[in-house]
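For Arg15, Lys22, the entry in Swiss-Prot reads site 'Transition state stabilizer', with the evidence type sequence analysis. Residues or ranges marked as site 'Positions MEP for the nucleophilic attack' by Swiss-Prot: Arg148, Lys201.
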Amino acid sequence: MKVGAVIVAAGRGVRAGGGIPKQWRALHKGTVAQASIRAFTGHADIRDVVLVLHPDDIDTDLWPREPGLIVASGGASRSASVLAGLRMLNGKTDAVLIHDAARPCVTTRVIDDVISALRTAQAAAPAVAVVDALWTGENGQVTGTADRTGLYRAQTPQGFHLDAIIKAHRQFPEGAADDVEVARRAGLDVVIVPGDEDNLKITLPGDFARAEAILRARDGH
């Protein structure tokens, strides 16, 4: 099975601070996006890696010119950006892993598990079971509790057979929270593989320090 990856780095989110999109903020030995890219370009089972960029970023020095990296121009929505990346792999791979560039601490084990699941399933994605108590609330007040049984925190990379996820994105181009939702709308069954607590999505300013500590620990310093 030939496997490719699409790394989505076309967002403009600045909630994490710094005045520039979070994927281009400095982290460890490069940037947030660079750490994500290297997790896939350095993986033995991944054949082609596509980096989806915002059109304004393509002609800048923000993104790393990694050997063999394929660049795609993102669209007006996340779904359009993903589809642009998927099209770059059409005819090259059998399966694809779609990853948020803002998850720079993804592990080889998580990538391995998603690929392994795709050998027998059309779709697979990592997740971590919810263990905290869940409340509902309104106007700063607790209004109730929610049963956490069967609830998971979704992560990436989310993996699919390439033809199936391209068809799904064409059928359902808007409004999905992630690619698993797109796949399920199209009738695909999605296998859950174990996620990793370290596979955080950088969203808020404090997330950078945590990600830095994780990556430094892996390097042994």
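Using N, Cα and C of the backbone, Cβ positions are placed for all residues, glycine too.
This view paints the features noted in Swiss-Prot onto the structure.
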| residue | record | CB count, 10 Å |
| --- | --- | --- |
| Lys22 | site 'Transition state stabilizer' | 28 |
| Arg148 | site 'Positions MEP for the nucleophilic attack' | 13 |
| Lys201 | site 'Positions MEP for the nucleophilic attack' | 18 |
Worksheet item: To the nearest whole angstrom, what is the C-alpha distance linking Arg148 (site 'Positions MEP for the nucleophilic attack') and Lys22 (site 'Transition state stabilizer')?
Response: 30
Practice prompt. Could you round the CA separation between Lys201 (site 'Positions MEP for the nucleophilic attack') and Lys22 (site 'Transition state stabilizer') to a whole angstrom and send it over?
Written response: 10
